[in-house]
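Here's the structure, in structure tokens; my notes come after.
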């Protein structure tokens, strides 16, 4: 199922990139220009251009939630060697993704600005075409996880509906009195049984068996189905406390760039560094620290904790969030220094360059890259690992949607802070003239917000209980899969 949806998504991206390349290359599809002045685009040209962008967006919406899930599904959880390799999969998947991003931000941007927009879009178009061919060639050897449930999301809705219907019933004192199929059912169907957990007990009412009722037991929700709903609810709780960190990450392409534009960007005597290019240091630091994390940090911590991942998934997120707080604290300190230099030199105009090197911003970029090694990859792996068996693409959707919501939240905060602080003729913290604003105050606000979010994250982590599955192994006996990360609420 995932393979089919990814194929359609790849095709959609391919079509979008092909149309986009045509939009900047074919003469009648782009506005005519003379002496450096271009005419207004025709309605047809605008429609053609936006059609290509929407096709790419639709394709990306199909590939991003599925491709990492499909890759992780290629590892067999019942094979000890493959299960060990799977621990590193998300590290190296993200490493390859950011390698491509680095090539795009440095190589393709240069080609587009200095050689040709058509060539700049044509190269990734050809690359995407080759990727599609390779994907098709590999189709016969991929492992395809068969869906054993018709509509997994409907089971989740049914649990909430059942819990609401039975809200006035009294929960039995022992979980064994709740409705559940015997282990033979799970052996026969190949599904994984999830053991009862003590969180969100109100949902257990969906599995209450009522004596004297004519309803068949199969019409009830099972403990496994209830636990799947609990997993989704628990992941939602963790997802909410990842939105502020996603908002902090959004500063890389917004306010950090506005800071950089005002600073001295000379590198050597002739070359001037584009302010936006400093963002490539986030990618570079990730590319450096991912191998270090996987090859050195994980084995070191594995010896101390006995955990195949070195540390738990939520501990990994917590470390990343702390590094992010340090990064935004440094950004605030650098902004305080920049404002001091502005006052000393009596700079007022927005286009005046502050005599301060742009490389003062480098530590905050590098720290955010290191933080992503912990929290970005950790979030992706957490949401995949903790999703119900039939809904693991939903887990990666949690990750991508969190990044998107974080960007929207960033825009909302900037707008509200600008309107609030600039009210009644006051000086806006985020005005158009950055040389006459108070970004240091805004960074201080983000620092406080991040610290409060970290407290909320620690609270949510202590209450979160990882899923515990019973799996059927080859000899047809039952084994409790207490994943090293999944046995109890963690201590961050």
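Cβ from N, Cα, C; glycine included.
Features of the protein shown, as given by TrEMBL:
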- 44-62: transmembrane segment (TRANSMEM)
- 89-111: transmembrane segment (TRANSMEM)
- 117-138: transmembrane segment (TRANSMEM)
- 231-252: transmembrane segment (TRANSMEM)
- 272-293: transmembrane segment (TRANSMEM)
- 313-334: transmembrane segment (TRANSMEM)
- 365-384: transmembrane segment (TRANSMEM)
- 396-417: transmembrane segment (TRANSMEM)
- 441-460: transmembrane segment (TRANSMEM)
Open item on the list: Is it the case that the transmembrane segment (272-293) and the transmembrane segment (89-111) touch, counting contact as three or more CB pairs under 8 Å in which the residues of each pair are 6 or more positions apart?
Closed with: yes
Open item on the list: Under 8 angstroms, Cβ to Cβ: which one of 89-111, 117-138, 231-252, 313-334, 396-417 has the largest number of such pairs with the transmembrane segment (365-384)?
Closed with: 313-334
Open item on the list: Is the transmembrane segment (441-460) in contact with the transmembrane segment (313-334), using at least 3 Cβ pairs under 8 Å (sequence separation of 6 or more) as the test?
Closed with: yes
Task: Non-local residues, at least 6 beyond the ends, that sit with Cβ under 8 Å of the transmembrane segment (89-111) - done: 68, 71-72, 75, 119-120, 123-124, 277, 279-280, 283-284, 286-287, 290-291, 293-294, 376-377, 380-381, 384
